[in-house]
C-alpha cells in the first residue's frame, strides 16, 4: 500500500511540475505602473511640470515624448533635468532613453482652465515594447506646484538654449520682458535689413520742396515709424500663424519688381519729372485733414512707413524669432503683438533721430533745396537695387550699384560746376565716377582676366555643403553621418541674412576649422517647393536663416537652433559649445 501511495504521489508531482513548466508566462507591468505619470502647473501658469516614475528595467524613449495644446498645431518644447542615456534598443537601434525617473517642463501659456494638453510618450523593457501612450490633461484639473525644482530646471537649461529660445522663455516667465525687445530693436536699427528704410524716411522729411519745422518733421517721422511698426507687427503675427510660406510669398519676384517700380517712380518724382498726388476730386475732400497727399503729407508718411515694413519683413533675427516662437507656442496674440510692435519701434527710433538732426543741420531755403531733394532721389534709387539683388543672379548686384554710383557722381560733378564750386570737387567727382564704372566696363567689354573671372565665380564662403532636396534624402544622409554632429543650413536667394552668413561667417578661418568635424548640409528654400514645405513643417521653421544641428541619433540637438545672423566669433563659440 505504501508503494502504491508513493507511486501516485510521484505521478501527480511530475504532472504538477510539467504544468508549471509549460504554463509559466512572463508578466509585464501595465503601462501606468511601468511609467507612472503625473503633472502639475507652475504658480505663474507658464510651465507644465511633468514627472515620470519609471520601474526598474523599463525605459522611455527621449524622442517619443511630445506634447501640444489640443486644437493648436505647434508642439510644446520639453526641457528635462536628467540627461538621457545611450541605449542599444532591439527595435530602434542606438537611441537615447530615460530610466528611473524624469522631471520635465513644457513651456507655454496655460491660463485657460478649459484648455487641454495632449502628452504622448512610449517606452519599452527587455522583450516587450509598449505602444505610444497619450494622456489628455485639462488645465483646470491640474494642481499648482510650489516646488523650487521647476525653477532650478529652467535655470540649468537656459544656458543651453539659443538666443531666440532664451528670449521666448523670458516672455513665458514675465510679460515685462516685452520692454526689453525695444532695446533689442535699437540694436537692429543698424543692420542691413533696416538701413534701407532710412533713405525713404529722409526723402519724406528732408526731401520736400518746403522744409518742415521740427514739430512737423517729428510728426512725419513718427507716423512713418508707426506705419512701419504696424506692418512689421501684422506680418510677424501672420508668419507665426502661417509660417514660412507667407514670408516666401512676400519675396516673390512680382512683389519685389512691383516695389522696385514704386520706388523708382518716387525717385523720379523727386527729380521733378512728375508730381505724385491724388485725383483732384478725392484730394479736395481730404484738404481739411491734409494739405496735399504728396510724399510729405502725414497720410503719405504713414503709407510709406507701411511699405518700408515690407522691405524689412523678410529679415529674421534672434529677437524676431524669439517673439514668433512665443506666439507660435503660446497662442498669446496680444503679448506677441506688443512684443513685435516694441521691437519695430526700437528699430525706428534711430531712424527718427537721424532724420530730425539732418532736418535741423541742412539749409532750410534757397536753390540748394532742389539739390538736396534730387540727392535723396538718388538715395531712394538704392532701394530698388537692394530689393532686386534678392531675386537677380549675384553677379548683377555689383553692376547695379556701379551704375547707380557712376550716374550719381557724374550728376554731382555737373551740379558742382553749375553752382560754381571749385575744380577740385569736380575732379574728385569725375574720378570717383571713373572708379565706380569699372564693373560695368568689365561686363560690357569682357576684359576681366581668367583669374578675375574665377575669383568672381568662386563661392564666397568656400565651404562645400551637401545639397539636400527632401526629408528622405536628409534621413539617409544623417544615418550615414561619420561625424558626431550634422549641420543643416536652410538658405534662400532672397534672404539677406543668409548671404551675410555665407560671406562673413562661413568664410572665417576659425569657423571653417570647426566645420572639419561637422557634416555640412544645405537646403535651398528659394522656390518653396513641396519638398521645402515638408521640411519646414517637420522642423517647425518660422523664418530664414535657420540652422539646425543633429546628433548621431539623427535627432535635433535641443536648444541648438540658430535663427538670424550670427557673426564669426559668436558662431564659432556656438559650434564649440555643441561639441
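Using N, Cα and C of the backbone, Cβ positions are placed for all residues, glycine too.
Per Swiss-Prot, the range carrying the annotation transmembrane segment out of 208-228, 397-417, 460-480 is 397-417. Ranges compared are 296-316, 485-505, 506-526, and Swiss-Prot records transmembrane segment for 296-316. It is 178-198, from the ranges 178-198, 535-555, 556-576, that Swiss-Prot records as transmembrane segment. Residue environment of residue 129 (disulfide bond) contains 14 other Cβ atoms, counted within 10 Å of its Cβ in all protein chains. The two recorded residues, residue 124 (disulfide bond) and residue 495 (disulfide bond), have Cα atoms 44 Å apart. Taking the disulfide-bonded residues 124, 495 in turn and counting surrounding C-beta atoms within 10 angstroms, the largest count is reached at 495. Just so you know, the Cβ of residue 498 (disulfide bond) picks up 24 other Cβ atoms within 10 Å once every protein chain is counted. In the three-state DSSP scheme, residue 495 (disulfide bond) falls into the coil class. On the 0 to 100 pLDDT scale, the domain 'Thioredoxin' (449-579) averages 82 in this prediction.
Look at residue 124 (disulfide bond): DSSP puts it in a strand.
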